[in-house]
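Visitor: Pasting a structure here, questions to come.
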């Protein structure tokens, strides 16, 4: 079985990261590509299902998983814990399915340290002006919040050079095409192709 690839995707808020990942998943069958499902201690919201949106666990269970080094990365956000299970990711990758993980640069650093075979993608907006427009377009934040988000975005973008691939999301369809191209290129790497076509290669090279 050909091993799947873990893709780490990071971007500042407003760059279109989540929209690109969701659009990608709609074009890929589940046996090819999936999105990572995190563990969390926060309460389940209406319409959310365990194992579909999150793995909902108690704080005691989560802390035990930390002690057992069960997470590729974890963080505490607004009094709730969130983490990416190493076992859950490895089980999916072992079936040959590629996994996408939407995470910030700090989480990406943790994951690369524990899983160096992961591929990382950073998504940039085409300009600060466009990023500001997108943040304002949500129509739900005050000027103070928008200014804070812009400040955080600049800090986040400063880490772009730590990633393997860089996509500028100016034209959404072009950015989506770039994302698909990265996946296609990774699947054509020698190691994966050799595994996939081992029988064919053996026959072609036989005397």
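Any Cβ shown, glycine's included, is placed from N, Cα and C.
For reference, Swiss-Prot lists these features for the protein:
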type    : residues                       : note
DOMAIN  : 4-184                          : domain 'Guanylate kinase-like'
BINDING : 11, 12, 13, 14, 15, 16, 17, 18 : ATP binding site
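Surface or core, plus neighbours and distances: that's what I need for these features.
Guide: Under a cutoff of 8 A between CB atoms, and with a sequence separation of 6+ in the same chain, the neighbours of residue 18 (ATP binding site) are 102.
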Visitor: Restricting to the chain of residue 13 (ATP binding site) and a gap of 6 or more, list residues whose Cβ falls under 8 Å of its Cβ, or answer none.
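Guide: For residue 13 (ATP binding site), the qualifying residues are 135, 149, 152, 153.
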Visitor: Pick out which of the binding-site residues 12, 14, 16 has the most other Cβ atoms within 10 Å of its own Cβ.
Guide: 12
